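Novice: Got a structure here, written out as structure tokens. Questions coming.
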Amino acid sequence: MIDFRENWRIILLVIVVIVSLFALVSPTLASGPDSNSAVVQQSSQTNLQYGLELAGGTRVRAPLVGVTAEEVEFEPANAREVEQRIATAIDGAGPADVIARPVTETTGTVEVTVEGVSTTELQSILESTGYTASTVRTGVTETTRQEVVRILENKINEAGLSGGTVQEVTTAGGGHFILIEVPNEDAASVRSLVSERGTVVVQAHYPQDDIYTQQTVLQQDNFQSIGSAQEGQSGGAYVPVTVRESAANEFQQATVDTTLARPGGTRCTYSRDQNSTEPCLLLVVNGEVTNSFGMAPRLADSLRGGSWAQDPVFQLQTANVSEAQEVAINLRAGALPAKLDLTGDDGGTTSFISPSQGENFRTDSLLAGLVAVFAVSGVVFLRYRDARVALPMIVTALSEVLILLGFAAGIGYPLDLSVIAGFITVIGTGVDDLVIIADEVLAEGGVSSRRVFQSRFRRAFWVIGAAAATTIIAMSPLAILSLGDLQGFAIFTILGVLVGVLITRPAYGDILRALTTGNL
């Protein structure tokens, strides 16, 4: 008669294995055709999903062009002036190539994203224009990198490239790169996609003869600068926009003619009802309305009075910073605030893996895993020459891999070569721990009772627990930091260690106890 209370660890292992098998093969967990997860290809027999290395596609890894001056002394209200003055001092640069971002009430950062500008040159330009900075370094700010990631994600999604991912990765030396992975696309298409510019226009939406009509009031090249999202002093957020002087008068007159600049301003309800709203400004990106805005009374008064064209700046108000960031992205119509350095001089690389090569990698990975299993099995049988000890050891170790595969399938984590390496590592470390258990239990002769077994097993488990803690601590930085492929390796190595310590090692202990003492 099986004592379920004494063998609950074995029962737990069986349950977890069954759940993992369900996650692997159940059609109810299969990703639909519209899934937008970081997936390149899904196995037809299982729910496993493969990354670029095992399925094919293009990977672009490149830094951003730019130099940044930190702790530059200027007030937030003067950010646009800073951009214009510094841009004027740089040959071939416009205000859009300079980003002045307030950090405190008296200082901020200044980024120049023109190719060929060195830190020494930016330092000299700042001094010649009357500004001082504490440090000038190569690279852009974290805010700019995050904005680039969001813009590229939008571009990939709009292009209909299912499974494309964009993320920021950091090297061990502190370098920052943008990593783009797009499935089933060649390198030339991906490079063109991430560098091309969309189209954006601003239209006036207003009633004319009882029929609502749209009139374009600003073209893409009418913008002199598009600021970053900023928090408002009285709540909400906004995006500051500067219009070129050559287009300012025409825009000013258009807002009057379309009744946008009416006394008291306008309240836009376009998102709720397009045919009953007061006049609105519509932001149209690639032919699609992405945002709508009313007009503040003060701005309407300056437009009607004709004074606005002398200082052609206005703010697009939003409810929160997140929405303002989306507006800034839409205004740029896919234009990056800083270019990707695809020349390769500073570490930028583009790689393409054909689908056939990815299939070969899958086959080779499977063979490597089988070789690891048979090699470990052979060594274990040679070591113990006792199937009662060796066979459960191999089955338990393989169950760890099965559990990890089920976990990967359940959450839709794409498998790549680094994850496969993690699985092979789990097999090795798992069997190593099981050998420690078997040696400790059997080293002092036969096991005469359950009490003797438990005493020896506890000693072995302390050693295993200490080794597991060391592995987790060592792998944690790789799992937390954005280090590309190393992250997947570290994550699944840590998961394998946790599964082993919490589930499979205790279960193997119960199996070994039952086989050596004859008590279930």
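Note: Cβ is positioned from N, Cα and C throughout, glycine not excepted.
Below are the features I grabbed from Swiss-Prot:
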TRANSMEM  10-30  transmembrane segment
TRANSMEM  364-384  transmembrane segment
TRANSMEM  391-411  transmembrane segment
TRANSMEM  417-437  transmembrane segment
TRANSMEM  461-481  transmembrane segment
TRANSMEM  483-503  transmembrane segment
Novice: Excluding the flanking five residues on each side, which residues at least 6 beyond the ends of the transmembrane segment (391-411) place their CB within less than 8 Å of a CB in that stretch?
Specialist: 13, 16-17, 19-24, 29, 46-49, 369, 373, 376-377, 380, 419, 422-423, 426-427, 430-431, 434-435, 438, 492, 495-496, 499-500, 503-504, 507-508, 511-512, 515
Novice: Cβ under 8 Å, sequence separation of at least 6 from the ends of the transmembrane segment (417-437): give me the contacting residues as numbers and ranges.
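Specialist: Cβ under 8 Å, 6 or more out: 51, 53-54, 361, 365, 368-369, 372-373, 376, 380, 383, 393-394, 396-398, 400-401, 404-405, 408, 457, 460-461, 463-464, 467-468, 471, 485-493, 496-497, 500, 504-505, 508-509, 512.
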Novice: Within the same chain, where does the transmembrane segment (483-503) have neighbours whose Cβ lies under 8 angstroms from its own Cβ atoms, ignoring anything closer than 6 residues to its ends? I mean 6 or more beyond.
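Specialist: Contacts with the transmembrane segment (483-503): 9, 12-13, 16, 51, 61, 169-172, 179, 400, 403-404, 407-408, 413, 416-419, 421-423, 425-426, 429-430, 433, 464-465, 468, 471-472, 475-476.
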Novice: Residues sitting near the transmembrane segment (10-30): Cβ under 8 Å, six or more positions beyond its termini, same chain?
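Specialist: Sequence-remote neighbours of the transmembrane segment (10-30) are 4, 42, 45-48, 396, 399, 402-403, 405-407, 409-410, 503-504, 507, 510-511.
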Novice: What residues elsewhere in the chain lie close to the transmembrane segment (461-481), defined as a C-beta under 8 angstroms and at least 6 residues from its ends?
Specialist: 170, 429, 433, 436-437, 440, 487, 489-491, 493-494, 497-498, 500-501, 505-506, 509
